[in-house]
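As written in TrEMBL, here are the features:
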- B:152-214: domain 'CBS' (DOMAIN)
- B:215-272: domain 'CBS' (DOMAIN)
- B:298-316: transmembrane segment (TRANSMEM)
- B:322-351: transmembrane segment (TRANSMEM)
- B:372-393: transmembrane segment (TRANSMEM)
- B:399-421: transmembrane segment (TRANSMEM)
- B:433-460: transmembrane segment (TRANSMEM)
2 protein chains.
Amino acid sequence: MIEQREAEPEVHEDEFQLSQSELEAIGRAIDDGDRTMLDKLLDDVHAADIADLIEQLAPQRRRKFLDLYSGEIDGEILSEIDESIREEVVEQLPREVLAEAVREMDSDDVVDLIEDLEAPERQVILEALDEPDRAAVEQSLTYPEYSAGRLMQSETVTAPEHWTVGEAIDFLRQEDWLPDQFYHVILVDPRQHPIGYVTLGKLLASRRHIPLREITEDSFRTISAREDEGDVAYAFNKYHLISAPVVDDHDRLVGVITIDDAMSVLDEEHEEDFLRMARVSDDSHVSDGPLETAKQRLPWLIINLFTASLSALVISRFEQTLAQLVILAALMPIVASTGGIAGTQSLAVAVRALATRELTSSNARRVILRELLAGLLNGLGLALILTLAGTFILGDIQIGLVLGMAMIANQIVAAMGGVLVPLGLGKLGLDPALASGTFVTTMTDMMGFFAFLGLASWILV
Amino acid sequence: MIEQREAEPEVHEDEFQLSQSELEAIGRAIDDGDRTMLDKLLDDVHAADIADLIEQLAPQRRRKFLDLYSGEIDGEILSEIDESIREEVVEQLPREVLAEAVREMDSDDVVDLIEDLEAPERQVILEALDEPDRAAVEQSLTYPEYSAGRLMQSETVTAPEHWTVGEAIDFLRQEDWLPDQFYHVILVDPRQHPIGYVTLGKLLASRRHIPLREITEDSFRTISAREDEGDVAYAFNKYHLISAPVVDDHDRLVGVITIDDAMSVLDEEHEEDFLRMARVSDDSHVSDGPLETAKQRLPWLIINLFTASLSALVISRFEQTLAQLVILAALMPIVASTGGIAGTQSLAVAVRALATRELTSSNARRVILRELLAGLLNGLGLALILTLAGTFILGDIQIGLVLGMAMIANQIVAAMGGVLVPLGLGKLGLDPALASGTFVTTMTDMMGFFAFLGLASWILV
């Protein structure tokens, strides 16, 4: 059951990544204030790795590093830096370095950078941009946070719908400014409505006289600038899109989203779900300090104090039973905790299936029934083990039977709660990943204690 | 704290996806055996959505659907079908339909399809392929499962390193066979070693006489065919790669991986981690039946029976104390469960940070210290609440103090376990997402009961 392949990444060194000895040398260079050495060590290192380095440094060393190296921070490094330390880094950069860096960046990266910053830093960056770039960034910022409009780059490559391959190629050769990466030429009508696109591969492989309209892709789709970025990432992954035109409320082309940005969003959405299921704020970062970390986690711990008190209330109803048979106190967590595991299992499958839209209203009833039956089956299996264990280890078949019956009841509650709670929260417009766990484990804890102690006071005492 | 934006996907309908009423009409057409209606309803529906439909149908309806519609199943639909039902679908397709479908597919999709199939079906598919395609698929299959060699497509677009832009464009125009999607022309030396690549955008934007070598990308990197697919996805996301050449052990070009495949892998790896953390097999699918579902989940439930028995053993050591003060039985789960939540929080952050390589040996000590301090802080905060609650609700400051002190101890254990256990499992070459949860909650349960009952028997009884 325990597979080994997952662990490999930790073992072997990536050919790009900084090695342990390089990291140590960089640490020494920072401490010595040796700027020449630092430049030498970081020459040829990928921007993403420099950004990682900055994130991993302890706060004091980070400040020292930025003092020494800030002249070298360019647009590429800046757009790779994690939002948790972005503000700190931006504040420490000399204005002219910052201005130079943002001028190099695509409009989507500038938007990503400044949307987290305070007004004064925003202003510095906006003022550093040339007029068309600034207008593009300001337009993006009019769309809601986490929308396609914030994710898109406004630099698009378009061609009138009546052009031929030759005309398009000549046009591309003449343009002295084109985006760093683009994968399609978007055909637009005279009112800037996108009506199809041609891959660069097709453009290159086709004869000059062929009309662009004849070689457009079948799977063309536009994205509304107001669409949620999570939906955009989902569509890219599902329909294997490479880039997609973004349109405003009047269906006019306002930008383009490329798959690398959609992939980052997919990655973030997954991370968010993962952390939320474990009741951790998705603002958690490795670079956070202890106080920040404690503050992020405390609310859910306090909520758990309350829900656990409900279980305590259930148990306290059976004080008399417990006083007569103290061993019940030792056994009752078995029923509760196994229910908690089963509830989490059922919940995790349901939350994933909701996120990937594999669980829909068309199959919800079948999935609920499946969970019910699976819960019943596992309840029976676990009950059998517990009854045998009760009989042979504790020497008391009645305790074994009580454990077993309580387990069956709790497995069913766990299985049902695991699927019904996220479905219900989804219907209420809440994120199932966020609050379901608390509801489900509260249910399984309370049911576990109640069923076990209730049956015990009925049968055993 | 509860944000609403996540829930939106459930509410609004995707313009591509099948609507509820369309799904119902399709269901009726299947039940009526109305093939014409089915063809009409599914005309223009994206292959990915037809695959989703097939997955979501109940097993019986699925068979009926395939009987009616199998003639229309093409390579695109086949490569979109989830592995959980792939074998079933392949078995039901007429041989000539299957053969026709696989001939349309790129080599990577064929590999993805047949690697899960039994030998006889594999053979049928291999025999249906033309000789060069079959050789490519067979070569891919020589690489380990989940390696870059399995993920790559063997169709590559290359150019000799000394060519000019004009020569490359003329060559592309002449080729009557090119991959559906390609983003770079790979420059190779005479021994087929890739030495750089040119984006199609640059190729189109450059004058004909310019040597390709002058317009290659800076961030060129090759991938070894033996590299783990998870590492490949990580590299694509981190370095914003769009496609990357894959090389064999002699650094010769054998294929290319494109970002859409890397995005799928990233998605799967996340899903795997998510499910594993919840102790669910990553083979779980919405289409699984109750028996399969129960079987997948039972092993971890049985393991939990054993670990919970360890807690029962701890509690049974304090039977005398419990007999004297039964309220302790009601209060003890509060300490244990709050520790469990804290342990899961700390664990989730550590598992993510290990997966994204933000937690490395260079900052492990700082992160451990941070967790320790955060655990201590939250322990103090929770202890304060519990002491006050004990004093004012239970009217017993001593019980409040015992609860508080036990909570501090358990929060520290939780915080430490949450980071040290995954680090330790990683060092042992095991997947931290898989087994850490069991270790950590066993630790927090045992420590919760032990600290609380131990302190209680010392102070209260």
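From the backbone N, Cα and C atoms, a Cβ is placed for every residue, glycine too.
Same-chain neighbours of the transmembrane segment (B:399-421): 327, 331, 334-336, 338-350, 367-368, 371-372, 374-376, 378-380, 382-384, 386-391, 432, 436, 439-440, 443-444, 447-448, 451-452, 455-456, 459-460, counting only residues six or more beyond its ends whose CB sits under 8 Å from a CB of the stretch.
Model confidence over the domain 'CBS' (B:152-214) stands at 92, taken as the mean pLDDT rounded to a whole number.
When the domain 'CBS' (B:152-214) is classified with DSSP, helix, strand and coil residues number 19 helix, 17 strand, 27 coil. Counting residue by residue with DSSP, the domain 'CBS' (B:215-272) contains 26 helix, 14 strand, 18 coil.
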